[in-house]
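Now, the feature entries from Swiss-Prot:
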- LEU20, ASN27, LYS156: xanthine binding site (BINDING)
- ALA128, ASN129, GLY130, GLN131, ALA132: 5-phospho-alpha-D-ribose 1-diphosphate binding site (BINDING)
Amino acid sequence: MYALEQKILNEGIVLSDQVLKVDAFLNHQIDPVLMQQIGKEFAARFKDTGITKIVTIEASGIAPAVMAGLELGVPVIFARKYQSLTLKDDLYRSKVFSFTKQVESTIAISNKHINAEDKVLVIDDFLANGQAALGLIDLIHQANADIVGVGIVIEKSFQPGRDLLLEKGYRVESLARVASLTNGQVTFVIE
């Protein structure tokens, strides 16, 4: 997605050959116009799959997921990373490891919001090692729902997440595929 790639080039900050900081428009400050374009792009790519729900993980996946949900006319469920006082019983739970934060978290969604009739699109802000996506997929499988695909805003293609998801048979649509962050430069996969 050209607009996203330009935003990454202009406002993204390469912190290392593994880490890209995009807090100017995605995961701290949010660019609503760009998020709307991202939502439209996900909707266009997955429009014929019969989606009934979108599942993401708090917090940075929420904005792109909500915009896609708005375009597709479906609800968005975000998995919580901590136990809340209002989220107690009847939960689907999974463990995920965050590459960026280097911590393992338990994520959960209420079983009241997803069931075996659902066709679910997973959306997340980044794809690195694929652990967040696999954790969300595990939650969806616990509900016996179908997964129509995984939508990623920024994929770090030099890490194994995409291949891991493809090997497991999931459709992966990434709006920006980063080939390298070497020498402080963002290079994209040419498709």
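Including glycine, each Cβ sits where the backbone N, Cα and C put it.
Within the set of binding-site residues ALA128, ASN129, GLY130, GLN131, the entry lying nearest in space to ASN27 (xanthine binding site) is ALA128 (CA atoms). Here the binding-site residues are LEU20, ALA128, ALA132, and the one with the most other Cβ atoms within 10 Å of its Cβ is ALA132. When the Cα atoms are compared, LYS156 (xanthine binding site) and ALA128 (5-phospho-alpha-D-ribose 1-diphosphate binding site) turn out to be 5 Å apart. DSSP classifies LYS156 (xanthine binding site) as strand under the three-state reduction. With every protein chain in view, the residue among the binding-site residues ASN27, ASN129, LYS156 whose Cβ has the most Cβ partners within 10 Å turns out to be LYS156.
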